[in-house]
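Among the features that Swiss-Prot reports, ATP binding site is placed at Gly65, Pro66, Glu67, Ser68, Ser69, Gly70, Lys71, Thr72, with the record citing sequence analysis. Sequence annotations record features per position, and here Swiss-Prot assigns compositional bias 'Basic and acidic residues' to 336-347. Residues annotated as region 'Disordered' in Swiss-Prot: 333-355.
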Amino acid sequence: MDNERQKALDTVIKNMEKSFGKGAVMKLGDNKARRVSSISSGSVTLDNALGVGGYPKGRIVEIYGPESSGKTTVALHAIAEVQKQGGVAAFIDAEHALDPVYAEALGVDIDNLYLSQPDHGEQGLEIAEAFVRSGAVDIIVVDSVAALTPKAEIEGEMGDTHVGLQARLMSQALRKLSGAISKSNCTAVFINQIREKVGVMFGNPETTPGGRALKFYSSVRLEVRRAEQLKQGQEIVGNRTKIKVVKNKVAPPFRVAEVDIMYGQGISKEGELIDLGVENDIVDKSGAWYSYNGDRMGQGKENVKNYLKEHPEIKQDIDNKLRQKLGIFDGDIEEKDEKQAEAEKNENTNLFDEE
């Protein structure tokens, strides 16, 4: 580029920085954080399927699927992982159905989980926006989009029609939220249900409530479905669950993670370590027997799960070797010094006031 054009460009950039603040325009190569940072999902199998070691920071994630498929369980595991790393988590319980006993069993620190049970959709999304713009929250979960009922619908009569109200609400909210989520480096997880379109003869009749905006704004979309029941004798103790990455802007999509979700316990970390360990030649399987480093751990998967629970050091060793081989690591919450945190808070507050 010749000198005259470069001078003109430099002048324009200086003017833009005066108007909109430093960093409003930059060269892509000047950005230090080129690799997408992430937070662990709490499952090694899912972290591997997501391609970047977990849910990307500063992005929107949608988790959807049929009833009782494990959507909330998957989201709660991510909250537990964030809290283990010293991060802050918030949960917008629009369904008014969060079970604190179950959440605690999954490893969630319920004493330090910020919970809101909004009266209507607008209130829930405004609370979510305030949390995001504070710059102090690392993950926020909205459960669920389908339960974010517009205020007009709640205050109206039963049987009144409100065409497209929820879709417009979500579209407006996501337009406001997307920029703030990126700047605050917060991961926003929206849980969604599925509905069936009427009169669809060909193709998939299933769709998700809340319009199309969430599909567009999401960097990652996960479809959670039960594959089969897990039994001990005649008793059903859990479900084999398939989690398909149907959209991924940060890694190749359409990968599938299969996990065991046990009733009252959540994702069986021992189960996925066994499965992945065998696949990656870290755990040896001969018939029904499983061995690690030449030592037999047990016969049958359930016995090996119990063995790993009783020997946490072996479980951790297998986990470390798997993450090293697959190139995935626990997402770390970046520690910010007080000045940086205060600057971000002021910036986000100013943005909030302007809008």
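The backbone N, Cα and C atoms fix where each Cβ goes, glycine too.
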Under 8 Å by Cβ from Ser69 (ATP binding site), same chain, sequence gap 6 or more: Val224, Arg225, Arg226, Thr241
Cβ-centroid neighbours of ATP site Gly65, Pro66, Glu67, Ser68, Ser69, Gly70, Lys71, Thr72, 8 Å, sequence order: Val224, Arg225, Arg226
Using other CB atoms within 10 angstroms as the count, which residue among the binding-site residues Gly65, Pro66, Gly70 scores least? Pro66
If we count other C-beta atoms within 10 Å, could you say which of the binding-site residues Glu67, Lys71, Thr72 has the fewest? Glu67
Residues that sit under 8 angstroms from Ser68 (ATP binding site) by C-beta distance, when 6+ apart in the chain: Arg226
